[in-house]
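Visitor: I have a structure here, written as C-alpha coordinates, and I will follow up with some questions on it.
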Amino acid sequence: MTVQRESIVWGIVYLQQPNRMSIFGLFAESIRDFFTSAKFLIYMGHALSTWGDRMWNFAVSVFLVELYGNSLLLTAVYGLVVAGSVLLLGAIIGDWVDKNPRLKVAQTSLLVQNSCVILCGVLLMLVFQFKEQLVELYNGWILTVCYILVITIANIANLASTATSITIQRDWVVVVAGQDSSKLADMNATVRIIDQLTNILAPMLVGQIMTFGSHFVGCGFISGWNLCSMCVEYALLWKVYQKTPALAEKAGQKEQELKQLSPSRDAENGQSPEESSQPLMNETAVVSSPDSPKKEGCCYQVAEPLRTFKGGWVAYYNQNIFLAGMSLAFLYMTVLGFDCITTGYAYTQGLSGSVLSLLMGASAISGICGTVAFTWIRKKCGLIRTGFISGVAQLSCLMLCVASVFAPGSVFDLSVSPFQDLYTHLMGEQSLPEADHSLINMNVTTVAPAEEMPPLQSYMSVSLLFAGVIAARVGLWSFDLTVTQLIQENVIESERGVINGVQNSMNYLLDLLHFVMVILAPNPEAFGLLVIISVSFVALGHLMYFRYAFKSLGSRLFLCCSPEQKVETVDTLSLPTTV
(Lines of atoms letter the chains of each structure in order from A and count residues from 1; the text may use other names and numbers.)
(Lines give C-alpha, C1' and ligand atoms only; values in the text may rest on other atoms or scores of the structure.)
Protein backbone atom coordinates (compact mmCIF):
# COMPACT_ATOMS: atom_id res chain seq x y z
CA MET A 1 0.00 0.00 0.00
CA THR A 2 2.83 2.37 0.82
CA VAL A 3 4.57 1.72 -2.49
CA GLN A 4 1.33 2.17 -4.38
CA ARG A 5 0.58 5.43 -2.58
CA GLU A 6 4.05 6.78 -3.34
CA SER A 7 3.69 5.88 -7.00
CA ILE A 8 0.38 7.73 -7.16
CA VAL A 9 1.94 10.79 -5.54
CA TRP A 10 4.89 10.75 -7.95
CA GLY A 11 2.47 10.34 -10.81
CA ILE A 12 0.52 13.41 -9.75
CA VAL A 13 3.74 15.39 -9.39
CA TYR A 14 4.85 14.21 -12.83
CA LEU A 15 1.53 15.26 -14.38
CA GLN A 16 1.63 18.66 -12.70
CA GLN A 17 5.24 19.39 -13.62
CA PRO A 18 4.52 20.58 -17.19
CA ASN A 19 1.98 23.03 -15.81
CA ARG A 20 4.56 24.27 -13.33
CA MET A 21 7.09 24.67 -16.11
CA SER A 22 4.59 26.52 -18.25
CA ILE A 23 3.66 28.86 -15.38
CA PHE A 24 7.34 29.48 -14.69
CA GLY A 25 7.91 30.16 -18.38
CA LEU A 26 5.05 32.65 -18.51
CA PHE A 27 6.35 34.37 -15.39
CA ALA A 28 9.86 34.60 -16.82
CA GLU A 29 8.48 35.89 -20.11
CA SER A 30 6.41 38.55 -18.38
CA ILE A 31 9.46 39.72 -16.43
CA ARG A 32 11.52 39.83 -19.62
CA ASP A 33 8.80 41.80 -21.39
CA PHE A 34 8.65 44.34 -18.56
CA PHE A 35 12.41 44.91 -18.46
CA THR A 36 12.50 45.39 -22.23
CA SER A 37 9.37 47.55 -22.43
CA ALA A 38 9.45 51.21 -23.40
CA LYS A 39 8.04 52.13 -19.99
CA PHE A 40 10.91 50.53 -18.08
CA LEU A 41 13.49 51.98 -20.46
CA ILE A 42 12.09 55.46 -19.79
CA TYR A 43 12.39 54.82 -16.06
CA MET A 44 16.02 53.76 -16.48
CA GLY A 45 16.90 56.77 -18.60
CA HIS A 46 15.15 59.15 -16.22
CA ALA A 47 16.91 57.62 -13.22
CA LEU A 48 20.33 58.05 -14.84
CA SER A 49 19.54 61.59 -15.95
CA THR A 50 18.09 62.64 -12.59
CA TRP A 51 20.98 61.08 -10.67
CA GLY A 52 23.47 63.12 -12.67
CA ASP A 53 21.40 66.29 -12.30
CA ARG A 54 21.08 65.94 -8.54
CA MET A 55 24.78 65.29 -8.10
CA TRP A 56 25.69 68.30 -10.23
CA ASN A 57 23.15 70.68 -8.65
CA PHE A 58 24.41 69.77 -5.20
CA ALA A 59 28.09 69.89 -6.08
CA VAL A 60 28.14 73.09 -8.13
CA SER A 61 26.88 75.15 -5.19
CA VAL A 62 29.56 73.64 -2.93
CA PHE A 63 32.23 74.25 -5.55
CA LEU A 64 31.26 77.90 -6.01
CA VAL A 65 31.29 78.52 -2.25
CA GLU A 66 34.70 76.87 -1.94
CA LEU A 67 36.18 78.81 -4.84
CA TYR A 68 35.04 82.21 -3.58
CA GLY A 69 36.42 81.93 -0.08
CA ASN A 70 33.38 80.48 1.75
CA SER A 71 31.14 83.25 0.42
CA LEU A 72 27.65 82.75 -0.98
CA LEU A 73 28.08 85.45 -3.62
CA LEU A 74 28.82 83.14 -6.59
CA THR A 75 26.10 80.73 -5.49
CA ALA A 76 23.57 83.56 -5.33
CA VAL A 77 24.65 84.86 -8.75
CA TYR A 78 24.36 81.36 -10.19
CA GLY A 79 20.88 80.87 -8.76
CA LEU A 80 19.74 84.24 -10.07
CA VAL A 81 21.12 83.55 -13.57
CA VAL A 82 19.50 80.11 -13.72
CA ALA A 83 16.10 81.33 -12.54
CA GLY A 84 16.18 84.38 -14.81
CA SER A 85 17.16 82.31 -17.85
CA VAL A 86 14.34 79.81 -17.43
CA LEU A 87 11.92 82.65 -16.74
CA LEU A 88 12.82 84.42 -19.99
CA LEU A 89 13.54 81.43 -22.21
CA GLY A 90 11.05 78.85 -20.94
CA ALA A 91 8.48 79.56 -23.66
CA ILE A 92 11.16 79.66 -26.37
CA ILE A 93 12.59 76.31 -25.26
CA GLY A 94 9.11 74.80 -25.23
CA ASP A 95 8.40 76.16 -28.70
CA TRP A 96 11.63 74.58 -29.95
CA VAL A 97 10.52 71.27 -28.45
CA ASP A 98 7.18 71.53 -30.28
CA LYS A 99 8.61 72.42 -33.69
CA ASN A 100 11.24 69.68 -33.95
CA PRO A 101 11.08 65.87 -34.13
CA ARG A 102 10.97 64.15 -30.76
CA LEU A 103 14.12 62.07 -31.19
CA LYS A 104 16.14 65.07 -32.38
CA VAL A 105 14.98 67.18 -29.43
CA ALA A 106 15.72 64.46 -26.86
CA GLN A 107 19.15 63.61 -28.28
CA THR A 108 20.21 67.24 -28.76
CA SER A 109 19.19 68.32 -25.26
CA LEU A 110 20.85 65.21 -23.79
CA LEU A 111 24.13 65.84 -25.59
CA VAL A 112 24.18 69.55 -24.78
CA GLN A 113 23.35 69.03 -21.11
CA ASN A 114 25.92 66.32 -20.42
CA SER A 115 28.61 67.94 -22.56
CA CYS A 116 28.22 71.21 -20.64
CA VAL A 117 28.44 69.41 -17.29
CA ILE A 118 31.56 67.52 -18.43
CA LEU A 119 33.17 70.72 -19.72
CA CYS A 120 32.26 72.58 -16.54
CA GLY A 121 33.66 69.77 -14.40
CA VAL A 122 36.97 69.78 -16.30
CA LEU A 123 37.17 73.57 -15.98
CA LEU A 124 36.55 73.38 -12.24
CA MET A 125 39.26 70.72 -11.91
CA LEU A 126 41.72 73.08 -13.58
CA VAL A 127 40.66 75.95 -11.32
CA PHE A 128 41.03 73.85 -8.16
CA GLN A 129 44.41 72.57 -9.30
CA PHE A 130 45.91 75.91 -10.38
CA LYS A 131 43.94 78.42 -8.30
CA GLU A 132 47.01 80.01 -6.73
CA GLN A 133 48.62 80.60 -10.12
CA LEU A 134 45.37 81.93 -11.60
CA VAL A 135 45.02 84.47 -8.78
CA GLU A 136 48.38 85.98 -9.66
CA LEU A 137 47.75 86.19 -13.43
CA TYR A 138 46.53 89.61 -14.57
CA ASN A 139 45.49 90.56 -11.02
CA GLY A 140 43.03 87.67 -10.83
CA TRP A 141 41.11 88.52 -14.01
CA ILE A 142 41.78 85.07 -15.48
CA LEU A 143 40.17 83.53 -12.41
CA THR A 144 37.20 85.87 -12.77
CA VAL A 145 36.81 84.79 -16.39
CA CYS A 146 36.83 81.17 -15.21
CA TYR A 147 34.03 81.96 -12.74
CA ILE A 148 31.99 83.57 -15.52
CA LEU A 149 32.57 80.58 -17.80
CA VAL A 150 31.56 78.11 -15.08
CA ILE A 151 28.30 79.95 -14.36
CA THR A 152 27.53 80.41 -18.07
CA ILE A 153 28.19 76.78 -19.02
CA ALA A 154 26.28 75.53 -15.98
CA ASN A 155 23.35 77.73 -16.96
CA ILE A 156 23.34 76.28 -20.50
CA ALA A 157 23.33 72.80 -18.94
CA ASN A 158 20.30 73.76 -16.83
CA LEU A 159 18.44 75.08 -19.90
CA ALA A 160 19.18 71.82 -21.74
CA SER A 161 17.97 69.92 -18.68
CA THR A 162 14.73 71.91 -18.84
CA ALA A 163 14.28 70.89 -22.48
CA THR A 164 14.96 67.26 -21.58
CA SER A 165 12.43 67.38 -18.76
CA ILE A 166 9.76 68.87 -21.01
CA THR A 167 10.23 66.43 -23.88
CA ILE A 168 10.55 63.24 -21.79
CA GLN A 169 8.32 63.81 -18.75
CA ARG A 170 5.65 65.92 -20.45
CA ASP A 171 5.55 64.43 -23.96
CA TRP A 172 7.22 61.02 -24.34
CA VAL A 173 5.53 59.68 -21.20
CA VAL A 174 2.11 60.70 -22.57
CA VAL A 175 2.77 59.00 -25.92
CA VAL A 176 4.07 55.79 -24.31
CA ALA A 177 1.02 55.66 -22.02
CA GLY A 178 -1.27 56.03 -25.03
CA GLN A 179 -4.89 56.78 -24.22
CA ASP A 180 -4.71 54.95 -20.86
CA SER A 181 -5.09 57.58 -18.13
CA SER A 182 -4.38 55.04 -15.37
CA LYS A 183 -1.13 54.00 -17.01
CA LEU A 184 -0.16 57.66 -17.38
CA ALA A 185 -0.85 58.26 -13.68
CA ASP A 186 1.25 55.24 -12.70
CA MET A 187 4.13 56.38 -14.91
CA ASN A 188 4.00 59.91 -13.50
CA ALA A 189 4.01 58.54 -9.95
CA THR A 190 6.96 56.24 -10.67
CA VAL A 191 8.93 59.08 -12.24
CA ARG A 192 8.26 61.21 -9.16
CA ILE A 193 9.38 58.43 -6.81
CA ILE A 194 12.62 58.22 -8.78
CA ASP A 195 13.01 61.97 -8.31
CA GLN A 196 12.51 61.67 -4.56
CA LEU A 197 15.02 58.84 -4.15
CA THR A 198 17.72 60.42 -6.29
CA ASN A 199 17.21 63.74 -4.52
CA ILE A 200 18.48 62.08 -1.33
CA LEU A 201 20.90 59.41 -2.48
CA ALA A 202 22.79 61.31 -5.19
CA PRO A 203 23.91 64.24 -2.96
CA MET A 204 24.86 61.74 -0.25
CA LEU A 205 27.15 59.89 -2.67
CA VAL A 206 28.91 62.91 -4.14
CA GLY A 207 29.14 64.46 -0.67
CA GLN A 208 30.99 61.43 0.66
CA ILE A 209 33.33 61.49 -2.34
CA MET A 210 34.17 65.15 -1.76
CA THR A 211 34.58 64.59 1.99
CA PHE A 212 36.89 61.57 1.86
CA GLY A 213 38.53 62.59 -1.39
CA SER A 214 38.64 66.20 -2.50
CA HIS A 215 36.77 68.71 -4.60
CA PHE A 216 39.11 67.86 -7.45
CA VAL A 217 38.11 64.20 -7.19
CA GLY A 218 34.43 65.18 -6.94
CA CYS A 219 34.64 67.17 -10.19
CA GLY A 220 36.32 64.27 -11.95
CA PHE A 221 33.75 61.78 -10.68
CA ILE A 222 30.81 63.90 -11.85
CA SER A 223 32.40 64.45 -15.26
CA GLY A 224 33.08 60.74 -15.68
CA TRP A 225 29.56 59.84 -14.54
CA ASN A 226 27.96 62.19 -17.05
CA LEU A 227 30.14 60.85 -19.87
CA CYS A 228 29.12 57.25 -19.20
CA SER A 229 25.51 58.19 -18.44
CA MET A 230 25.23 60.16 -21.69
CA CYS A 231 26.13 57.11 -23.76
CA VAL A 232 23.69 54.83 -21.90
CA GLU A 233 20.85 57.37 -22.00
CA TYR A 234 21.40 57.94 -25.72
CA ALA A 235 21.01 54.20 -26.35
CA LEU A 236 17.92 54.00 -24.10
CA LEU A 237 16.25 56.88 -25.95
CA TRP A 238 16.85 55.15 -29.26
CA LYS A 239 15.36 51.89 -27.90
CA VAL A 240 12.26 53.68 -26.59
CA TYR A 241 11.84 55.46 -29.93
CA GLN A 242 12.04 52.14 -31.80
CA LYS A 243 9.57 50.40 -29.48
CA THR A 244 7.01 53.25 -29.69
CA PRO A 245 6.14 54.05 -33.33
CA ALA A 246 3.76 56.80 -32.20
CA LEU A 247 6.76 58.90 -31.17
CA ALA A 248 7.64 59.35 -34.82
CA GLU A 249 4.25 60.96 -35.52
CA LYS A 250 4.24 64.52 -34.36
CA ALA A 251 3.36 66.97 -37.13
CA GLY A 252 -0.26 67.47 -38.07
CA GLN A 253 -1.70 65.96 -34.89
CA LYS A 254 -3.97 68.85 -33.90
CA GLU A 255 -7.01 67.81 -35.91
CA GLN A 256 -6.61 64.21 -34.89
CA GLU A 257 -6.45 65.03 -31.18
CA LEU A 258 -9.48 67.30 -31.42
CA LYS A 259 -11.41 64.41 -32.91
CA GLN A 260 -10.18 62.04 -30.21
CA LEU A 261 -11.26 64.51 -27.53
CA SER A 262 -14.66 65.16 -29.07
CA PRO A 263 -17.84 64.96 -26.98
CA SER A 264 -18.81 61.74 -28.77
CA ARG A 265 -16.02 59.88 -27.03
CA ASP A 266 -17.07 61.40 -23.72
CA ALA A 267 -20.61 60.16 -24.28
CA GLU A 268 -19.32 56.64 -24.84
CA ASN A 269 -17.53 56.80 -21.51
CA GLY A 270 -20.65 58.04 -19.72
CA GLN A 271 -18.95 61.33 -19.03
CA SER A 272 -20.34 64.83 -19.26
CA PRO A 273 -18.49 67.37 -21.42
CA GLU A 274 -17.41 69.57 -18.53
CA GLU A 275 -15.77 66.60 -16.80
CA SER A 276 -13.67 65.56 -19.77
CA SER A 277 -10.05 66.41 -20.36
CA GLN A 278 -10.87 68.24 -23.59
CA PRO A 279 -8.70 71.32 -24.05
CA LEU A 280 -10.58 74.59 -24.18
CA MET A 281 -9.02 75.74 -27.42
CA ASN A 282 -10.55 77.62 -30.29
CA GLU A 283 -10.92 74.95 -32.93
CA THR A 284 -10.62 77.35 -35.79
CA ALA A 285 -7.47 78.80 -34.32
CA VAL A 286 -6.00 75.34 -33.87
CA VAL A 287 -6.90 73.87 -37.23
CA SER A 288 -6.28 76.90 -39.35
CA SER A 289 -2.69 77.29 -40.36
CA PRO A 290 -2.21 80.20 -42.72
CA ASP A 291 -0.11 79.41 -45.72
CA SER A 292 0.89 82.99 -46.34
CA PRO A 293 4.63 83.38 -46.86
CA LYS A 294 6.59 84.64 -43.88
CA LYS A 295 8.50 87.85 -43.95
CA GLU A 296 12.23 87.48 -44.43
CA GLY A 297 13.38 90.87 -43.14
CA CYS A 298 16.15 91.22 -40.59
CA CYS A 299 13.86 92.95 -38.10
CA TYR A 300 11.37 90.11 -38.43
CA GLN A 301 14.03 87.54 -37.62
CA VAL A 302 15.29 89.53 -34.64
CA ALA A 303 11.76 89.88 -33.23
CA GLU A 304 10.96 86.16 -33.68
CA PRO A 305 11.96 85.18 -30.09
CA LEU A 306 9.81 88.00 -28.73
CA ARG A 307 6.81 86.81 -30.73
CA THR A 308 7.42 83.26 -29.51
CA PHE A 309 7.65 84.51 -25.92
CA LYS A 310 4.41 86.46 -26.24
CA GLY A 311 2.60 83.69 -28.10
CA GLY A 312 3.58 81.14 -25.47
CA TRP A 313 2.22 83.19 -22.59
CA VAL A 314 -0.96 84.00 -24.50
CA ALA A 315 -1.47 80.31 -25.29
CA TYR A 316 -0.89 79.45 -21.63
CA TYR A 317 -3.48 82.03 -20.53
CA ASN A 318 -6.05 80.64 -23.00
CA GLN A 319 -5.80 77.08 -21.70
CA ASN A 320 -8.69 75.74 -19.67
CA ILE A 321 -6.13 74.48 -17.14
CA PHE A 322 -4.70 77.99 -16.65
CA LEU A 323 -5.97 78.26 -13.07
CA ALA A 324 -4.68 74.79 -12.23
CA GLY A 325 -1.23 75.70 -13.56
CA MET A 326 -1.22 78.98 -11.66
CA SER A 327 -2.21 77.17 -8.47
CA LEU A 328 0.84 74.93 -8.81
CA ALA A 329 3.12 77.93 -9.42
CA PHE A 330 1.83 79.67 -6.28
CA LEU A 331 3.04 76.74 -4.20
CA TYR A 332 6.61 77.78 -5.05
CA MET A 333 6.15 81.05 -3.14
CA THR A 334 6.93 79.46 0.20
CA VAL A 335 9.73 79.06 2.73
CA LEU A 336 8.15 75.84 4.01
CA GLY A 337 10.47 73.43 2.25
CA PHE A 338 13.79 71.74 2.90
CA ASP A 339 15.92 74.36 1.19
CA CYS A 340 18.76 76.52 2.48
CA ILE A 341 16.32 79.00 4.05
CA THR A 342 14.44 76.57 6.27
CA THR A 343 17.56 74.63 7.23
CA GLY A 344 19.33 77.90 8.04
CA TYR A 345 16.49 78.91 10.33
CA ALA A 346 16.62 75.48 11.96
CA TYR A 347 20.31 75.97 12.72
CA THR A 348 19.52 79.23 14.50
CA GLN A 349 17.04 77.31 16.66
CA GLY A 350 19.64 74.81 17.82
CA LEU A 351 18.96 71.80 15.57
CA SER A 352 22.06 69.83 14.62
CA GLY A 353 23.03 68.63 11.17
CA SER A 354 22.26 65.01 12.04
CA VAL A 355 18.73 65.92 13.11
CA LEU A 356 18.19 67.88 9.91
CA SER A 357 19.37 64.96 7.80
CA LEU A 358 16.85 62.70 9.55
CA LEU A 359 14.12 65.27 8.93
CA MET A 360 15.05 65.42 5.25
CA GLY A 361 14.80 61.64 5.07
CA ALA A 362 11.37 61.77 6.69
CA SER A 363 10.35 64.43 4.18
CA ALA A 364 11.38 62.19 1.28
CA ILE A 365 9.40 59.27 2.71
CA SER A 366 6.40 61.56 3.09
CA GLY A 367 6.76 62.63 -0.55
CA ILE A 368 6.85 59.00 -1.70
CA CYS A 369 3.70 58.35 0.33
CA GLY A 370 2.12 61.28 -1.52
CA THR A 371 2.87 59.74 -4.91
CA VAL A 372 1.40 56.41 -3.81
CA ALA A 373 -1.66 58.17 -2.39
CA PHE A 374 -2.13 60.00 -5.69
CA THR A 375 -2.57 56.79 -7.69
CA TRP A 376 -4.98 55.31 -5.13
CA ILE A 377 -7.14 58.44 -4.71
CA ARG A 378 -7.26 59.02 -8.47
CA LYS A 379 -8.68 55.54 -9.03
CA LYS A 380 -11.29 56.03 -6.31
CA CYS A 381 -12.32 59.65 -6.83
CA GLY A 382 -10.97 60.77 -10.20
CA LEU A 383 -8.19 63.15 -11.17
CA ILE A 384 -9.80 66.53 -10.53
CA ARG A 385 -11.11 65.52 -7.10
CA THR A 386 -7.65 64.17 -6.23
CA GLY A 387 -6.25 67.68 -6.59
CA PHE A 388 -8.99 69.10 -4.39
CA ILE A 389 -8.43 66.45 -1.69
CA SER A 390 -4.66 66.92 -1.86
CA GLY A 391 -5.02 70.69 -1.47
CA VAL A 392 -7.21 70.32 1.61
CA ALA A 393 -4.73 67.85 3.12
CA GLN A 394 -1.75 70.15 2.48
CA LEU A 395 -3.46 73.22 3.92
CA SER A 396 -4.57 71.29 7.00
CA CYS A 397 -1.01 70.17 7.70
CA LEU A 398 0.37 73.67 7.14
CA MET A 399 -1.82 74.92 9.97
CA LEU A 400 0.77 73.31 12.25
CA CYS A 401 3.35 75.70 10.77
CA VAL A 402 1.10 78.66 11.52
CA ALA A 403 0.65 77.39 15.06
CA SER A 404 4.44 77.12 15.43
CA VAL A 405 4.73 80.89 14.97
CA PHE A 406 2.87 81.48 18.24
CA ALA A 407 4.01 78.34 20.11
CA PRO A 408 6.47 78.42 23.06
CA GLY A 409 10.03 78.75 21.83
CA SER A 410 9.15 80.87 18.81
CA VAL A 411 11.42 83.85 18.16
CA PHE A 412 8.69 85.67 16.23
CA ASP A 413 8.86 89.32 17.23
CA LEU A 414 7.28 92.09 15.18
CA SER A 415 8.96 94.76 17.32
CA VAL A 416 12.22 93.89 15.52
CA SER A 417 11.90 95.47 12.11
CA PRO A 418 12.44 92.87 9.38
CA PHE A 419 13.66 95.64 7.08
CA GLN A 420 16.28 96.98 9.50
CA ASP A 421 19.20 95.07 7.94
CA LEU A 422 18.19 96.07 4.41
CA TYR A 423 17.81 99.72 5.41
CA THR A 424 21.18 99.70 7.12
CA HIS A 425 22.99 98.33 4.08
CA LEU A 426 21.28 100.74 1.69
CA MET A 427 21.63 103.87 3.82
CA GLY A 428 25.13 103.06 5.05
CA GLU A 429 24.51 103.32 8.81
CA GLN A 430 27.39 102.24 11.00
CA SER A 431 25.50 100.78 13.93
CA LEU A 432 22.75 98.24 14.20
CA PRO A 433 20.96 98.94 17.47
CA GLU A 434 19.15 95.62 17.83
CA ALA A 435 20.49 93.43 15.07
CA ASP A 436 23.92 93.21 16.67
CA HIS A 437 22.52 91.82 19.91
CA SER A 438 20.31 89.29 18.16
CA LEU A 439 23.19 88.19 15.97
CA ILE A 440 25.49 87.75 18.99
CA ASN A 441 22.83 85.80 20.83
CA MET A 442 22.27 83.65 17.77
CA ASN A 443 25.95 82.83 17.42
CA VAL A 444 26.33 82.05 21.11
CA THR A 445 23.38 79.69 20.92
CA THR A 446 24.85 77.95 17.90
CA VAL A 447 28.31 77.33 19.33
CA ALA A 448 27.34 76.86 22.97
CA PRO A 449 28.06 73.51 24.62
CA ALA A 450 25.32 70.99 25.18
CA GLU A 451 24.63 71.95 28.76
CA GLU A 452 23.81 75.53 27.75
CA MET A 453 21.25 74.58 25.11
CA PRO A 454 17.72 75.90 25.65
CA PRO A 455 15.28 73.75 27.57
CA LEU A 456 13.08 71.20 25.85
CA GLN A 457 10.07 73.52 25.82
CA SER A 458 11.87 75.87 23.42
CA TYR A 459 11.85 73.16 20.75
CA MET A 460 8.05 73.07 20.59
CA SER A 461 7.88 75.78 17.94
CA VAL A 462 10.46 74.30 15.60
CA SER A 463 8.99 70.82 16.15
CA LEU A 464 5.55 72.00 15.08
CA LEU A 465 7.12 73.76 12.09
CA PHE A 466 8.86 70.68 10.72
CA ALA A 467 5.96 68.40 11.60
CA GLY A 468 3.72 70.56 9.41
CA VAL A 469 6.28 70.76 6.60
CA ILE A 470 6.87 66.99 6.52
CA ALA A 471 3.17 66.07 6.77
CA ALA A 472 2.25 68.59 4.06
CA ARG A 473 4.56 66.83 1.59
CA VAL A 474 1.94 64.10 1.12
CA GLY A 475 -0.63 66.56 -0.15
CA LEU A 476 1.99 68.64 -1.99
CA TRP A 477 3.34 65.86 -4.18
CA SER A 478 -0.10 64.41 -4.79
CA PHE A 479 -1.30 67.83 -5.91
CA ASP A 480 1.78 68.33 -8.08
CA LEU A 481 1.12 65.03 -9.87
CA THR A 482 -2.53 65.99 -10.33
CA VAL A 483 -1.73 69.28 -12.06
CA THR A 484 1.01 67.62 -14.11
CA GLN A 485 -1.41 65.03 -15.48
CA LEU A 486 -4.10 67.66 -16.08
CA ILE A 487 -1.63 69.57 -18.26
CA GLN A 488 -0.61 66.38 -20.04
CA GLU A 489 -4.18 65.38 -20.82
CA ASN A 490 -5.65 68.79 -21.63
CA VAL A 491 -2.95 70.42 -23.74
CA ILE A 492 -2.86 69.32 -27.37
CA GLU A 493 0.29 67.61 -28.55
CA SER A 494 1.53 70.44 -30.74
CA GLU A 495 1.55 72.86 -27.77
CA ARG A 496 2.82 70.64 -24.95
CA GLY A 497 6.32 72.03 -25.13
CA VAL A 498 5.48 75.72 -25.06
CA ILE A 499 2.80 75.35 -22.37
CA ASN A 500 5.10 73.35 -20.11
CA GLY A 501 7.89 75.83 -20.81
CA VAL A 502 5.68 78.70 -19.64
CA GLN A 503 4.67 76.62 -16.61
CA ASN A 504 8.32 76.20 -15.69
CA SER A 505 8.78 79.97 -16.11
CA MET A 506 5.87 80.63 -13.74
CA ASN A 507 7.34 78.23 -11.19
CA TYR A 508 10.72 79.96 -11.33
CA LEU A 509 9.08 83.39 -11.11
CA LEU A 510 7.31 82.58 -7.85
CA ASP A 511 10.44 80.86 -6.59
CA LEU A 512 12.41 84.05 -7.27
CA LEU A 513 9.79 86.09 -5.41
CA HIS A 514 10.14 83.91 -2.34
CA PHE A 515 13.90 84.54 -2.31
CA VAL A 516 13.26 88.26 -2.64
CA MET A 517 10.90 88.00 0.31
CA VAL A 518 13.65 86.41 2.39
CA ILE A 519 16.15 89.08 1.33
CA LEU A 520 13.75 91.77 2.55
CA ALA A 521 13.23 90.03 5.91
CA PRO A 522 16.36 87.98 6.66
CA ASN A 523 16.43 88.02 10.47
CA PRO A 524 15.09 85.00 12.42
CA GLU A 525 12.54 87.15 14.27
CA ALA A 526 10.76 87.76 10.95
CA PHE A 527 10.66 84.10 9.92
CA GLY A 528 7.22 83.70 11.48
CA LEU A 529 5.95 86.45 9.20
CA LEU A 530 7.42 84.60 6.21
CA VAL A 531 5.60 81.45 7.34
CA ILE A 532 2.26 83.25 7.45
CA ILE A 533 2.85 84.81 4.02
CA SER A 534 3.85 81.43 2.61
CA VAL A 535 0.73 79.71 3.91
CA SER A 536 -1.35 82.57 2.49
CA PHE A 537 0.12 82.03 -0.98
CA VAL A 538 -0.46 78.28 -0.74
CA ALA A 539 -4.07 78.92 0.28
CA LEU A 540 -4.50 81.35 -2.62
CA GLY A 541 -3.13 78.76 -5.00
CA HIS A 542 -5.55 76.12 -3.80
CA LEU A 543 -8.42 78.61 -4.09
CA MET A 544 -7.49 78.97 -7.76
CA TYR A 545 -7.59 75.21 -8.15
CA PHE A 546 -10.93 75.05 -6.35
CA ARG A 547 -12.34 77.53 -8.85
CA TYR A 548 -11.04 75.41 -11.73
CA ALA A 549 -12.38 72.19 -10.21
CA PHE A 550 -15.79 73.67 -9.37
CA LYS A 551 -16.05 75.11 -12.88
CA SER A 552 -15.31 71.64 -14.30
CA LEU A 553 -17.48 69.48 -12.01
CA GLY A 554 -19.86 71.84 -10.26
CA SER A 555 -21.43 70.46 -7.10
CA ARG A 556 -20.27 66.96 -8.06
CA LEU A 557 -16.81 68.01 -6.86
CA PHE A 558 -17.90 67.20 -3.31
CA LEU A 559 -18.97 63.65 -4.20
CA CYS A 560 -16.29 61.13 -3.38
CA CYS A 561 -17.26 58.96 -6.33
CA SER A 562 -19.70 60.23 -8.93
CA PRO A 563 -22.04 57.92 -10.89
CA GLU A 564 -19.85 58.46 -13.95
CA GLN A 565 -16.80 57.28 -12.02
CA LYS A 566 -18.62 54.14 -10.87
CA VAL A 567 -19.56 53.34 -14.44
CA GLU A 568 -15.91 53.74 -15.39
CA THR A 569 -14.72 51.29 -12.76
CA VAL A 570 -17.28 48.69 -13.81
CA ASP A 571 -16.76 49.00 -17.52
CA THR A 572 -13.13 48.03 -17.94
CA LEU A 573 -13.26 48.56 -21.70
CA SER A 574 -13.96 52.29 -21.50
CA LEU A 575 -11.15 54.79 -21.41
CA PRO A 576 -10.32 56.23 -17.97
CA THR A 577 -11.45 59.80 -17.42
CA THR A 578 -10.08 62.65 -15.40
CA VAL A 579 -13.14 63.15 -13.24
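Note: Cβ is positioned from N, Cα and C throughout, glycine not excepted.
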Visitor: Which stretch, out of 41-64, 209-232, 353-376, is listed as transmembrane segment by TrEMBL?
Guide: 353-376
Visitor: Any contact between the transmembrane segment (321-347) and the transmembrane segment (353-376)? By contact I mean 3+ C-beta pairs closer than 8 Å, pairs at least 6 apart along the chain.
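Guide: In this chain the transmembrane segment (321-347) contacts the transmembrane segment (353-376) - 3 or more Cβ pairs sit under 8 Å.
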Visitor: With pairs 6 or more apart in sequence, are the transmembrane segment (388-407) and the transmembrane segment (140-160) linked by at least 3 Cβ pairs under 8 Å?
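Guide: Result for the transmembrane segment (388-407) with the transmembrane segment (140-160) is no.
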Visitor: As a test: from 140-160, 353-376, 526-546, pick the stretch that has the greatest number of Cβ pairs under 8 Å with the transmembrane segment (456-476).
Guide: 353-376
Visitor: What residues in the same chain, six or more past the boundaries of the transmembrane segment (526-546), come closer than 8 Å to it by Cβ-Cβ distance?
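Guide: Same-chain contacts beyond the ends: 323-324, 326-331, 333-336, 345, 387-388, 391-392, 394-395, 398-399, 401-402, 404-406, 410-412, 414, 416, 418, 465, 479, 483, 510, 514, 517-518.
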